[in-house]
Ligand SMILES: NCC(=O)N[C@@H](Cc1c[nH]cn1)C(=O)O
Ligand SMILES: [Zn+2]
Ligand SMILES: [Zn+2]
């Protein structure tokens, strides 16, 4: 049966109030038992819902796919409506600021929605993103990236773990409660964005505008948009690195040229670019731009001890990267370099020849992309200036007549909080009840640019509650989420809501 039709056949208003009364005397554990059974029963429906979401190639970084990102926002609105959310607002964010190719390109909207309106209950703001990283079958995927495929209890597809799986899992939690006629223990405000993978453009301003309006009364925020550290043990996360993304544009010749005619007789833009890009970071990951390392907060003794209790080793890193290419072998070194030191990665060169075969071209204009993951206490604006000064100095040293420009495409702040508050307590209980173990407390090497803004603007704390495993391959080829993580993850989310509601 078509999923949307299936939902529309359930008339929630017709449920007799006596059902709600019978639940009201039940213990949380009993209620959760019913929720967990319902989640298990609905597994095929939940997988179909994720398949429908993955089928929309909502790649925010590809301007030609912007309409698909909009389509994804419409998909979410329909799902939310059918699951009983109200006050659904689709907030436009205006045009995408430069650098952008189409200067009339509209930013995808923020989708806001509420579930529950009980002043005696706490309110949780749940954030997620509905855009995804680019993906092409030719990148090396085994299957078409925008078709969810189940193989060996794993669901493959772009966005399956980052972040459509978790976003859809929250919707699944709503459906399980609806079908049980079980009231949610908290009020929920959903905030779904479509530009997270491209720097969350426009969201910070919206959060500022809505802090005392739509978001008024939020007690805590929960984000499911990161991963377990390894593959065996669930984690809760209290820190993220920030991310400043830059580009270097180099151009010279009026058009792409024949290397047999012009090779050796003109300054080539790509030679200049590669020369400069190769001086940003060394092969051991050391950032070569002066001033950045000096801003990093020193390691304290208390922090050093935190790593001892965490389950992780170099084999997990090798397994997740599909290689034996680790720079560091010890757990502490690996975790520190992922969580608390900055890193600089080179991502690509727009305009460079990248097809098969042997095209003898000299590209006329190339754009090098790189980013720096930031950590406490790096001052983002100071770091930008260090980057610009360094890149400009390196170009000067080349003495090239080609034109060059270095600029920031987007930035997002790092975030670190205290994992000992009511929200973490509820999530620890939820993890224990679903997975049978206490979660490790981790930081994350990736970034979720809006996290610090939520904390500051809504004057509340944020919990990161990841569903997927460390080997899910987010941003990579063959991204997946294990069926178990998707389903037990929804249970963990539900249990978290119930435990938080009772604190
Ligand atoms: N799941 C979070 C995530 O993947 N975040 C992105 C955010 C980002 C920042 N700049 C571009 N994307 C990440 O790369 O960490
Ligand atoms: Zn994400
Ligand atoms: Zn991502």
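Every residue gets a Cβ built from N, Cα and C, even glycine.
All annotation found in TrEMBL is predicted automatically rather than curated by experts.
As written in TrEMBL, here are the features:
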type     : residues                     : note
ACT_SITE : 131                          : active site
ACT_SITE : 196                          : active site, proton acceptor
BINDING  : 162, 197, 475                : Mn(2+) 1 binding site
BINDING  : 225, 258, 360, 373, 447, 475 : substrate binding site
DOMAIN   : 240-396                      : domain 'Peptidase M20 dimerisation'
SITE     : 258                          : site 'Important for catalytic activity'
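Structure with TrEMBL features highlighted.
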residue	record	Cβ within 10 Å
131	active site	28
162	Mn(2+) 1 binding site	27
196	active site, proton acceptor	25
197	Mn(2+) 1 binding site	22
225	substrate binding site	27
258	substrate binding site	10
360	substrate binding site	11
373	substrate binding site	21
447	substrate binding site	26
475	Mn(2+) 1 binding site	15
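In the set 258, 373, 447, none of the binding-site residues has a C-alpha within 10 Å of the C-alpha of residue 162 (Mn(2+) 1 binding site). Here the Cα atom of residue 225 (substrate binding site) is found 12 Å from that of residue 475 (Mn(2+) 1 binding site).
Taking CA atoms as the reference points, residue 360 (substrate binding site) and residue 475 (Mn(2+) 1 binding site) are 31 Å apart. Between the CA atoms of residue 196 (active site, proton acceptor) and residue 131 (active site) there is a gap of 7 Å. With respect to ligand 1, the recorded positions 131, 225, 258, 360, 373 contribute 225 as residues with a C-beta closer than 6 angstroms to one of its atoms, given in sequence order.
For residue 475 (Mn(2+) 1 binding site) paired with residue 131 (active site), the C-alpha to C-alpha distance reads 12 Å. Among the recorded positions 131, 162, 225, 373, 447, 475, the ones whose Cβ sits under 6 Å from an atom of ligand 2 are, in sequence order, 162, 225. Ligand 3 lies under 6 Å from the Cβ of 162, 197, out of the recorded positions 131, 162, 197, 258, 360, 373. Each residue in the domain 'Peptidase M20 dimerisation' (240-396) has a pLDDT score, and their mean in this model is 97.
When secondary structure is read from DSSP and collapsed to three states, residue 373 (substrate binding site) falls in the strand class.
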